[in-house]
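Trainee: Summarising the annotation, TrEMBL assigns active site, proton acceptor to 47, 74. If you look up TrEMBL, you'll see 194 marked as active site, proton donor. The 3-amino-2-oxopropyl phosphate binding site annotation in TrEMBL covers 11, 22, 195, 216, 217. Under the heading 1-deoxy-D-xylulose 5-phosphate binding site, TrEMBL lists 13, 14, 49, 54, 104. If you look up TrEMBL, you'll see 155 marked as site 'Transition state stabilizer'.
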Ligand SMILES: CC(=O)[C@@H](O)[C@H](O)COP(=O)(O)O
Ligand SMILES: NCC(=O)COP(=O)(O)O
């Protein structure tokens, strides 16, 4: 059976990181979103963190109102973020863990340990027509818990795979492959992301049951050297190369 089409969600958080370094308006994340669309992105991802270290409330408002691509709103499982999601009604919301002291997302959300609190929160977003995904480790317990709380989508955290090499990376890749097969078997949609680069994307893109990759930090960094559109176009080409011959 042939692999499903693979979407590229471009995360523009770190365009805002550069902007916030001087507290001005440049570079504009919304302009970056338009460029990403022109470069072939299938969606835009933006993470409104509780501490607003990069994406701001105004960025989310403008993205929701000004871009044509589907917006994937990454958010913590808090009442504050639910209210913002219900106000702007993005195409999708991805529920991610947050710790103020972390430099970046360090792992997946413990859905299995918080089923009772997450089920109603997910239900409110689903009832509002928002496609909810759970940002989780490649762990069958977390997959089954995501299904149990009514989330139609999971996004597998690829950080450990990207941060290691050799046998450890191979082990993480095997874990992701097994998890992606399980996601398909239980009828959820499978996405993946965090830390992906030109060097690490192809084995993940070759997993046929993964239908969306969310990639940001590397694309913004590489844009300094080759331009944002070229960075996105090259990532898309690598994903397409990997997809050829990928099974389900
Ligand atoms: C959830 C995820 O992997 C990305 O959104 C990542 O969080 C990018 O934002 P940070 O670099 O602030 O973690
Ligand atoms: N959910 C992953 C994402 O949106 C982008 O993560 P990164 O590529 O910035 O590490």
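Note: Cβ is positioned from N, Cα and C throughout, glycine not excepted.
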Trainee: What recorded positions in 22, 155, 195 place CB under 6 Å from ligand 1?
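Mentor: What lies within reach of ligand 1, judged by Cβ under 6 Å, is none of the recorded positions.
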Trainee: Of the recorded positions 22, 47, 49, 54, 194, which one sits closest to residue 74 (active site, proton acceptor) when you measure Cα to Cα?
Mentor: 47
Trainee: In angstrom units, rounded to an integer, how far apart are the Cα atoms of residue 47 (active site, proton acceptor) and residue 13 (1-deoxy-D-xylulose 5-phosphate binding site)?
Mentor: 6
Trainee: Which binding-site residues, if any, among 11, 22, 54 have a Cβ under 6 Å from ligand 2, given in order along the chain?
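Mentor: Among the binding-site residues listed, those whose Cβ sits under 6 Å from ligand 2 are 11.
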Trainee: Out of 11, 104, which of the binding-site residues has the smallest number of neighbouring Cβ atoms within 10 Å?
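Mentor: The binding-site residues 11, 104 were compared, and 104 has the fewest Cβ atoms within 10 Å.
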Trainee: Same chain only, sequence gap of 6 or more: which residues have a CB within under 8 Å of the CB of residue 13 (1-deoxy-D-xylulose 5-phosphate binding site)?
Mentor: 29, 45, 46, 47, 54, 55, 216, 217, 220
Trainee: Which three-state DSSP class does residue 155 (site 'Transition state stabilizer') fall into?
Mentor: strand
Trainee: If you draw a 10 Å sphere around the Cβ of residue 155 (site 'Transition state stabilizer'), how many other Cβ atoms fall inside it, taking every protein chain shown into account?
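Mentor: For residue 155 (site 'Transition state stabilizer'), the 10 Å Cβ neighbour count is 30.
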